Amino acid sequence: MTEARHQVNFITGNANKLSEVKAILEPAISVTNQSLDLVEIQGTLEEVTIDKCRRAAELVGGPVLVEDTCLCFDALQDLPGPYIKWFLGSIGHEGLNNMLLAYEDKGAKAVCTFGYSAGPGHEPILFQGITHGKIVPARGPSNFGWDPIFEYEGKTYAEMDKAEKNKISHRSRALAKLQEWFAKEMTA
């Protein structure tokens, strides 16, 4: 078994996100977890992630990894964007589809931004991954956010098994950049 060279404290209360992050990063990077109730500012995805990362590092008093995800509809100039969690909670999968009824363009992008901070006072470093797809009526299990309505190459995220999704998702693309950064830090 490969021993982890790095450890990150992933700040999330979302068990599905934690499971995906562990599946992608381990064993190369050991993932511990802490759930903190962090206030989220309004702003761009990058601003939200940087602020969340700084707050988490201060609360924990050490290194942290945070994540923010958005779903951007091409026809709506990237809305709902970083507010997807609130849109989904208010109007559900059907409501999100209804937002695009007047538009031919159902294109969307899933964007995941991780922020890593070495601790309080350290500037967060961002790692972003994007997957382009489209919005479709819900298909597959509905136990993980908007996965049933985001289609990539003929399958919704919800229709994919975990290994398949973890190869192509916005989250896996962002984490690949994090892994690359950690590898460079080891040789620096």
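Every residue, even glycine, has its Cβ placed from backbone N, Cα and C.
Secondary structure from DSSP puts His170 (ITP binding site) in a helix. Annotation source Swiss-Prot lists ITP binding site at 12-17, Lys52, 68-69, Lys85, 144-147, Lys165, 170-171.
For Glu40, the entry in Swiss-Prot reads Mg(2+) binding site. Cβ environment of Glu40 (Mg(2+) binding site): Val48, Asp51, Lys52, Asp68 lie under 8 Å away, each six or more residues apart in the same chain. According to its DSSP assignment, Glu40 (Mg(2+) binding site) is coil.
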Quiz prompt | C-beta crowding around Lys85 (ITP binding site), within 10 angstroms | solution = 17
